[in-house]
């Protein structure tokens, strides 16, 4: 079977790595990923030029295309590939609105009475935002309606001082058509612990993966700018230390109800559904959906797959997805980034990656925003690579990952607290306080 992975980051490297032993592997990427280029035939080009991607797939007799990033999904890459006879792991443009149009997602919850929603309003002018916030006596979250690479959301009490600043940021979002819409969503701020559940979907059935928790803040202690994610962990048993089986099951039910609603409102959803939840005193609440794997969370779950990913892909396109099995391990992912990220890029600087020692430690490296030139790896400004380790406990996996992070030399930084016992316990205690 010939499988094409579309995308160039660490998420796509993890997807390719999970497929490499069972398929003839191809990749279409905007820049050469040093890890993917070793294991796949590839073409370099803009992943958003969907006709060119489809031509590459047809020319190489691709059986299944696996779409990594959100931007091509929003442009209709799946529709274009399927028009050319290529089956896809990824939703159609219409179904991908679950991520690309947050107002569509919230309205879906409203229209189909799906549990786990929250107070929200969509606005297209500043005066209405101002009037609403004058009467709203709780902190809020301000979100552009469309895609902003995970960096457009601002929270009162974190990035914004008060609801007055929320008004000003809302005006900026509308005036600049941030995310491609002249609209803004205002949501109530939830108090709790965030967690992620990702699931394989075949249009009808949903096979959930182990839960994970991301760490979006740039610096240790959960401070600094919100990034695409500085690392994440998952636990043995598929839950998290603060997440019960009942809460996990409730979140999965919300995702199943969403899957049914998308099929009625748009088209059957095939691919990966990523649910970002907040565990609150009232149970799990849906923060947002992504129409693809999370980055970094893909790196937690894909190395734990027991069922071959190639078999899962075939089941998704055939519509007969059943239970997907994972090895019962914990995992920790730590992102290596340019020192001072996200304000400083160190673009063009060389880093050294001792892949052999990382492998000998039992960890994996997944490359992201780096370039390869004359066998040297260069930073290109954003998150550089993910280091992932698994173990019988989060503590064991974290220690391996931390040792492996020392195998990267250069002007780089990582959050050494991701997955540590102290930080995990802080999450557990926070949840206990909320529930009591």
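Note: Cβ is positioned from N, Cα and C throughout, glycine not excepted.
Taken from Swiss-Prot as is:
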type	residues	note
DOMAIN	106-318	domain 'ATP-grasp'
BINDING	133-196	ATP binding site
BINDING	276, 288	Mn(2+) 1 binding site
BINDING	276, 288	Mg(2+) 1 binding site
BINDING	288, 290	Mn(2+) 2 binding site
BINDING	288, 290	Mg(2+) 2 binding site
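Neighbour count (other Cβ atoms within 10 Å of the Cβ, all protein chains): 14 for residue 165 (ATP binding site). Here the Cβ of residue 141 (ATP binding site) has 22 other Cβ atoms within 10 Å, regardless of which shown protein chain they belong to.
Ranked by CA distance from residue 173 (ATP binding site), the binding-site residues 276, 288, 290 have 288 at the top as the closest.
Packing around residue 157 (ATP binding site) is summarised by its Cβ count: 12 other Cβ atoms lie within 10 angstroms of its Cβ, all protein chains included. Just so you know, of the binding-site residues 133, 173, the Cβ with the fewest other Cβ atoms around it within 10 Å is the one at 133. On a Cα basis, residue 157 (ATP binding site) lies 19 Å away from residue 288 (Mn(2+) 1 binding site). The binding-site residues near residue 276 (Mn(2+) 1 binding site), taking a 10 angstroms Cα-Cα threshold over the set 133, 141, 149, 181, 290, are 290.
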